[in-house]
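**Q** Once you've had a glance at the structure underneath, I'll fire off some questions.
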Amino acid sequence: MTPSISWGLLLLAGLCCMVPSFLAEDVQETDTSQKDQSPASHEIATNLGDFAISLYRELVHQSNTSNIFFSPVSIATAFAMLSLGSKGDTHTQILEGLQFNLTQTSEADIHKSFQHLLQTLNRPDSELQLSTGNGLFVNNDLKLVEKFLEEAKNHYQAEVFSVNFAESEEAKKVINDFVEKGTQGKIVEAVKELDQDTVFALANYILFKGKWKKPFDPENTEEAEFHVDKSTTVKVPMMMLSGMLDVHHCSILSSWVLLMDYAGNASAVFLLPEDGKMQHLEQTLNKELISKILLNRRRRLVQIHIPRLSISGDYNLKTLMSPLGITRIFNNGADLSGITEENAPLKLSKAVHKAVLTIDETGTEAAAATVFEAVPMSMPPILRFDHPFLFIIFEEHTQSPIFVGKVVDPTHK
């Protein structure tokens, strides 16, 4: 007979993304032939693209008037790792909710894809800091299934910590210290409280630090207006950059598209909709269009103005993932029997995702560097990001969307 007690599991998907616009030496154009074309990379990029858009649309549905910022990679990695210990409908819901077609892709290939992605993200890069971490926090009297532990370590590079959840303050400190250290102090107090029945916690973080290949000069940053909506205007520090940039207008999306590279293996796509076309952009954008944007670069002389900003996201993944079909794991019908050898059933009592993004200029020494670029001697057209826009940050090798955001009001952190 199944015991009446139900143990709780905490899932924490945390992210820190710092994008300082330091001045850097100019570098050569990205060679698209060097992108990782392995089947594992293609598989994970395709599914993460679908998952990112589904998740974004659900966030818009829940709140269309606030900034959005999250990491599809962080959330998907945490749930995929959890699927290692799930069975039955719980297992199927997780993987299908992550947009995997289980009739076409084997479970082994799914986890190999995540393993390859995490290895790629954690690859040393002298110009770009991009690292991930997964922590398993286990009550000191709870015995985990050895197969789950081995696969979590092998595929997801998970670290295992023994904690006493009966001492909730100490348990919180262990988890928060792991996330704070991994995000270099940018995410603190990721866990504010623990349910009294929690016996197992899973935490994932991603840290990103990048420098623009074509940098902004802080001397050119000026206060300017940003139109939040038709009746609301705020003052923001607006960065400016002139030169040969990847900018074009996409008639399908009714939006201007700006593609900016980081020094290292990452790039950002900014999507600025025409007046009144934000909803059209959000409904039309898909992974096929994003792929075309990344492949079809169109350099032109242009002057761009974009806000210096810091935004964050703090989401309850239970309300966010349920509309995507991931429901069983959160209720008493959850089957996570592949995680623990204990008889008492385990369910996901809480799942949170925290994200932080900063785009800014830093330091006077950086401003002293010089970038040389030949440009035509004419006044460039001007593109102002002075009303709500979207952005996606990609890892170049796999073309996986690691961060997705919407800036509605740059003054709201």
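Each residue, glycine too, has its Cβ placed from N, Cα and C.
Source: prediction; values computed, not measured.
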**Q** Quick one: sort out which of 228-247, 248-267, 368-387 is the region 'RCL' according to Swiss-Prot.
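**A** Swiss-Prot lists region 'RCL' for residues 368-387.
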**Q** If you average the pLDDT over the region 'RCL' (368-387), what number do you get?
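**A** Mean pLDDT for the region 'RCL' (368-387): 61.
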**Q** If you count the C-beta atoms lying within 10 Å of each candidate's C-beta, which of the glycosylation sites Asn64, Asn265 ends up with the smallest number?
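**A** Among the glycosylation sites Asn64, Asn265, the sparsest Cβ neighbourhood within 10 Å belongs to Asn64.
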**Q** Could you round the CA separation between Asn101 (N-linked glycosylation site) and Asn265 (N-linked glycosylation site) to a whole angstrom and send it over?
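**A** About 29 Å separates the two Cα atoms.
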**Q** Can you see whether DSSP assigns Asn64 (N-linked glycosylation site) to helix, strand or coil?
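**A** Going by the DSSP assignment, Asn64 (N-linked glycosylation site) belongs to neither helix nor strand, so it counts as coil.
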**Q** For Asn101 (N-linked glycosylation site), name the DSSP secondary structure in the helix/strand/coil scheme.
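**A** Reduced to three states, the DSSP call for Asn101 (N-linked glycosylation site) is coil.
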